Amino acid sequence: MVKPIEAIKNNTITIKKQAEAPIPTPWGLFNMIAFSGKSDDWMPHFALVHEHFDPDHPVLTRVHSECITGDLFGSARCECGEQLHKSMELTAQAGGIVLYLRQEGRGIGIINKLKAYNLQDLGDNTIEANEHLHLPIDARSYDVAVQMLQTIGVRQIRLLTNNPAKIEAIEHSPIEMLEIVPLIIDPKPENVEYLRTKKRDMGHLINWPDNKE
Ligand SMILES: Nc1nc2c(ncn2[C@@H]2O[C@H](COP(=O)(O)OP(=O)(O)OP(=O)(O)O)[C@@H](O)[C@H]2O)c(=O)[nH]1
Ligand SMILES: [Zn+2]
């Protein structure tokens, strides 16, 4: 059986719309579309398409990787939950799309991410913890996001991100990126080190308004 992350990386999947339904959220009405491959051995990716989505205009788009701890339980170890909610708010205002990719823990999965947290509590940063577990620092691929956007009929986007890897992935795709829209969240004591590592060592384009390091 091909593991999902390998299939995504090897670009061997062909994404398919499996089902869709409207979901009213605190930010607005979105059509939620579940995509998966031919087999059901991996969890579906989601596209949340706002009711005012118009494929003939550049679409404000968030490509968000799953973070159960932050997105679902509001963990302050990272800024994911706040980024997701801000993305819902901004895409609702702009008739945009949130893609929710099941690449938990930058692709290492929730069990390994919890193990990485244990190592971070002993002094590792977010990169070193993955290395000590002999896991990739970032195992994600965005090919699936491009396939989803193409299936929905999107041609031009404004991408909500600070992550250079996402920018590069879209730049090398048939989707035209007209603008990179920063998604900066104020650091908290619990995640300031995590954010500093992303900025300093992973090249994330994070410029806090008051110029915190
Ligand atoms: N391995 C690992 N993954 C983490 C850690 N903290 C958060 N994550 C994962 O990092 C990913 C964050 O993805 P996104 O929300 O798409 O954001 P990003 O890649 O930081 O880039 P932006 O678009 O700038 O927000 C999620 O899959 C989280 O589960 C950590 O300490 N270790
Ligand atoms: Zn997170």
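Cβ atoms are placed via backbone N, Cα and C, with glycine included.
Copied over from TrEMBL, here are the features:
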type: ACT_SITE; residues: D138; note: active site, proton acceptor
type: ACT_SITE; residues: R140; note: active site, nucleophile
type: BINDING; residues: R62, V63, H64, S65, E66, Q83, E104, G105, R106, T126, T161, K166; note: GTP binding site
type: BINDING; residues: C67, C78, C80; note: Zn(2+) binding site
type: DOMAIN; residues: 17-182; note: domain 'GTP cyclohydrolase II'
Item to complete: Return the members of R62, C78, C80, R106, R140, T161 (the recorded positions) with CB less than 6 angstroms from at least one atom of ligand 1, or none.
Response: C78, C80, R106, T161
Response to the item:
C78 (Zn(2+) binding site) falls, by three-state DSSP, under coil
Discussion item. I want the residues beyond C67, C78, C80 whose C-beta is within 8 angstroms of the mean position of the Zn(2+) site's C-beta atoms, in chain order.
Written reply: T69, G70, D71, S75, R77, E79, G81, Q83
Item to complete: Quick one: pull the CA-CA distance for R62 (GTP binding site) versus C80 (Zn(2+) binding site), whole Å only.
Response: 12
Practice prompt. Please go through the binding-site residues R62, C78, E104 one by one and keep those whose C-beta falls under 6 A from any atom of ligand 2; give the result in sequence order.
Written response: C78
Practice prompt. Select the closest residue to R140 (active site, nucleophile) from the following binding-site residues, measuring between CA atoms: H64, E66, R106, T161.
Written response: R106
Practice prompt. For D138 (active site, proton acceptor) and R106 (GTP binding site), determine the Cα separation and express it in whole Å.
Written response: 5
Worksheet, complete the sentence: CB neighbours within 10 A of C78 (Zn(2+) binding site), counting all protein chains shown, number 22
Discussion item. To the nearest Å, how far is the Cα of C80 (Zn(2+) binding site) from the Cα of H64 (GTP binding site)?
Written reply: 8
